[in-house]
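Asker: Here it is, the structure, as structure tokens.
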Amino acid sequence: MRPNIVSEAGLQTRMGQWWEGIPILTSAVVVVCGIIYLVCLLVGYDSFAEVCFWPSAVISRFQVYRIFTSILFHGSLLHVLFNMLALVPLGSELERIMGSVRLLYIIVLLAVSNALLHLLIALLVAHIPLHPYPYFMDECAIGFSGILFSMIVMETSLSGAQTRSVFGLFNVPAKWYALILLVVFQLVMTNVSLLGHLCGILSGFAYTYGLFNVLIPGTSFFSAIESSTWLSTCVRRPKFIMCTGGNGAGYLPTHSNQTVTSRSGVLSGNIWENLSSWMPQRESSLSAQPVTDDSRFPGRGRTLSSQTTTGNHDSTLQARLLDGSSIPERSSPTATIGGERNLAGRLSAVDTTATATRPLGQQASIPSDEEVQKLVAMGFEKTQVEVALSAAEGDLNVAVEILMSQQG
């Protein structure tokens with residue numbers, strides 16, 4: 001009866017289901033930016049001179065509040081709509097991996113680093129001895145797109161993809177994807193902040209390569225915030241994602257086929273496929289969807305919210321970790337809906353077999369330095385990262401699940 005009810009639901013019901021699937025921080029940013037734009041539209045405020053990121057005003061008048069107000073205001077309906085539609089898949093994926101509180105901290109950190117880089121580059125360009133160019137000092141930039149470019153770099157690095165599609169027209173190497181998007185936007189759109197987007201890309205690469213590690217507290221810091229009384233109301237909400245992975249609704253996103261690959265936002269792949277992928281699908285179609293391997297996403301693919309695929313994958317992973325032990329029974333449907341998976345078997349396997357046991361004759365995979373560095377940049381201990389990568393046979397997504405389960 002359940003598939004028939006979902007298939008006959010109206011647009012309002014489908015939109016409600018789609019909205020309920022967005023984690024709390026991502027949905028909060030969408031709501032705040034949308035309300036701010038509507039208020040500005042109603043009162044006729046369109047100059048943005050008091051809230052935009054204006055390097056001259058930040059330096060001469062020390063108006064540091066512009067660092068944060070500039071990312072919440074948008075200049076047009078298309079501006080806020082495009083940014084928020086791109087934020088939903090990007091922010092949701094990163095929030096389910098990092099947790100709501102940790103992602104909020106990362107967004108604030110990215111906003112500050114973007115602003116500092118913006119100021120530094122604007123000052124250097126304005127004081128070139130041979131040919132000063134003061135334009136960037138008087139540029140007034142607004143919008144969340146600087147943070148979005150940072151998220152694109154982080155998500156691309158985390159996904160392990162080798163190539164990315166630009167609007168479904170052509171594929172580019174993943175490491176150049178954000179920079180090529182920057183060039184495309186500058187060519188096809190007017191009144192776009194080159195420096196604001198470029199600084200977002202630079203901050204994303206800085207995070208990816210671990211340059212912000214010294215500025216990111218450990219898991220205990222975020223756990224203490226989550227356990228505080230003033231945040232208890234938010235923590236109890238099902239959309240809240242614990243940074244320790246303790247919230248069962250906070251499933252880790254995986255990539256199983258080309259359609260899922262395009263969910264990095266309206267900035268990649270076919271736009272119609274991206275828009276349709278954000279709408280909730282019938283459970284029958286999800287469970288019947290074939291799982292195919294994609295060379296761009298190494299490891300074992302699985303369909304989100306699919307009980308059969310998830311159960312088989314978990315059993316296979318536990319069988320590999322326990323080295324021939326009996327495969328546990330499949331978890332009940334209530335334990336797998338929404339992407340929740342039982343990680344107790346994985347956690348116990350990693351804790352009790354630190355040497356990453358394998359079947360006889362099969363050599364344990366040695367994690368590469370690049371894979372280790374990616375996970376260390378997310379705040380995990382290097383020793384735990386190496387053990388988790390060995391247990392997951394180099395699958396970054398599975399390694400992240402194991403690490404977050406250990407911390408929980």
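Residue numbering: from 1, along the chain as shown.
Any Cβ shown, glycine's included, is placed from N, Cα and C.
Just lifted these from TrEMBL, have a look:
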type	residues	note
TRANSMEM	21-45	transmembrane segment
TRANSMEM	65-91	transmembrane segment
TRANSMEM	103-129	transmembrane segment
TRANSMEM	135-154	transmembrane segment
TRANSMEM	166-188	transmembrane segment
TRANSMEM	194-216	transmembrane segment
REGION	283-314	region 'Disordered'
COMPBIAS	283-292	compositional bias 'Polar residues'
COMPBIAS	303-314	compositional bias 'Polar residues'
DOMAIN	367-406	domain 'UBA'
Asker: Mean pLDDT for the domain 'UBA' (367-406), rounded to an integer?
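Answerer: In the predicted model, the domain 'UBA' (367-406) has a mean pLDDT of 80.
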Asker: Six or more residues beyond either end and a Cβ under 8 Å away: which residues meet both conditions relative to the transmembrane segment (103-129)?
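Answerer: For the transmembrane segment (103-129), the sequence-distant neighbours (Cβ-Cβ under 8 Å, at least 6 residues beyond its ends) are 25, 29, 53, 55, 58-59, 66-68, 71, 91, 94-95, 136-137, 139, 141, 146-147, 150, 195-196, 198-200, 202-204, 206-207, 212, 215-217, 222.
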Asker: Counting only residues 6+ away from its ends, which parts of the chain sit with a Cβ under 8 Å from the transmembrane segment (194-216)?
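Answerer: Answer is 53, 105-106, 109-110, 113-115, 117-118, 121-122, 136, 139, 141, 143, 145-154, 157, 178-179, 182, 185-186, 373-374, 376-377, 379.
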Asker: Which listed range (21-45, 65-91, 135-154) shows the maximal number of Cβ pairs under 8 Å with respect to the transmembrane segment (166-188)?
Answerer: 135-154
Asker: Other than its close neighbours in sequence, what residues sit by the transmembrane segment (65-91), given a CB gap under 8 Å and a spacing of at least six beyond its ends?
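Answerer: Hits for the transmembrane segment (65-91): 22-23, 25-26, 29-30, 32-34, 36-37, 40, 46, 48, 51-54, 57-58, 103, 108, 111-112, 115, 141-148, 151-152, 155, 191, 263-267, 274-275, 277-278.
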Asker: Which residues, given as numbers and ranges, are at least 6 beyond the ends of the transmembrane segment (21-45) yet have a Cβ under 8 Å from it?
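Answerer: For the transmembrane segment (21-45), the nonlocal Cβ contacts are 72-74, 77, 80, 83-84, 87-88, 91-92, 95-96, 100, 103-104, 107, 144, 234, 237, 239-241, 250, 280.
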Asker: State the non-local partners of the transmembrane segment (135-154) in its own chain: residues 6+ outside its ends, Cβ under 8 Å from one of its Cβ atoms.
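Answerer: Sequence-remote neighbours of the transmembrane segment (135-154) are 29, 33, 48-49, 51-56, 70-75, 79, 83-84, 86-87, 90-91, 94, 107, 110-111, 114, 118, 121-123, 125-126, 177-178, 181-182, 193, 195-197, 199-201, 203-205, 207-208, 264-265, 267.
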Asker: DSSP-wise, what's the residue breakdown of the domain 'UBA' (367-406) into helix, strand and coil?
Answerer: 29 helix, 0 strand, 11 coil
